[in-house]
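What TrEMBL says about this protein:
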{"type": "TRANSMEM", "residues": "21-45", "note": "transmembrane segment"}
{"type": "TRANSMEM", "residues": "65-86", "note": "transmembrane segment"}
{"type": "TRANSMEM", "residues": "115-139", "note": "transmembrane segment"}
{"type": "TRANSMEM", "residues": "151-169", "note": "transmembrane segment"}
{"type": "TRANSMEM", "residues": "181-205", "note": "transmembrane segment"}
{"type": "TRANSMEM", "residues": "211-234", "note": "transmembrane segment"}
{"type": "REGION", "residues": "266-295", "note": "region 'Disordered'"}
{"type": "COMPBIAS", "residues": "277-295", "note": "compositional bias 'Low complexity'"}
Amino acid sequence: MVVSYLPQHLRIIINRTSEGISPWFLLLGCISASSTFLNIVILQWRVIMCCKVLNLGPCLESTLGIAQLGVQFVMFGLVFVLYLIYFPAYKKAPQLQIHSRRFKFLPAPSEEWKVSVLIAHVVAAHLIICVLVTIYMLVWVGGPEHPLTSAWASFLGITSVLLATIQYVPQIMRTFRRKSVGALSIPMMMMQTPGAALLTLSLALRPGANWTTWIVYAVTGCLQGTLLIMCIYYHYRAKTYGYSEFESAETEPLLAEAAAGHGALNKGRSHNPQGLPGSTSTSTTASGSTPTTIA
């Protein structure tokens, strides 16, 4: 699970763009992963405290599951960090401090960049608040056996399950609209999708398990599999027709907007206001006199 995120990191870094990744997908994933990690920290708090008297080997063995979820959260969070670092430059505000007429048609920051920055603040605020509440519950209220601490752990667990169920929906919609793979990593999904299927099968075959035990993982695996199939199709379509995987149907409105802005800029240059220094205006009389130049 941890290694499966490396292809995604490398794809963003090597191509130096996060084009095509949905910020809402990252929002749901970050909150779900952090809630899962804090949930297991609370439930396994007594096991963690036993490391005070255990040797390093038994301690690592007993906390391996906690460490795996923690590393998974860090790896997914790193995807969000890389998404912001390598966000397409043409969708950001131009960093210009020149005040001139020629820059009046420069585009404003895209809505996607504004939303991405807002989501980054939401993710950071959620993480800080949840960590502080978890520390308060464990240190000053009581361990997982305390009703309030147990209720907080349940809230984190339910939040994680609900968000994980719908996590891939925004990304599927985004990829469908773009008709391209973008910065998504197909190798990452090819490693994670079979893993989700095996996990669902192992949970379903356990004695005493019912559908509520494995349904979340089944839904998540199906959605991820759908996204994988879409990306493979768009990958081979781009390869067949000879265009880049980062080209998108979404860029057409942007190009039209840029062309309109360029046309307005040229129009502004061709119609220099009368009366400005160096401007000229010509007029022809009815009798056919020569044009008069106004200095």
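Cβ atoms here come from the backbone N, Cα and C positions, even for glycine.
Sequence-distant contacts of the transmembrane segment (181-205) (same chain, at least 6 residues past either end, Cβ-Cβ under 8 Å): 1, 3-8, 10-12, 15, 17-21, 86, 171, 175, 213-214, 217-218, 220-221, 224-225, 227-228, 231-232, 234-235, 238, 245-246, 248. Long-range contacts of the transmembrane segment (65-86) within the same chain, counting only residues at least 6 positions beyond its ends with a Cβ under 8 Å from a Cβ of the stretch, are 1-2, 5, 8-9, 12-13, 15-18, 21, 23, 26, 29-30, 33-34, 36-37, 40-41, 44, 47-48, 116-117, 120, 123, 183.
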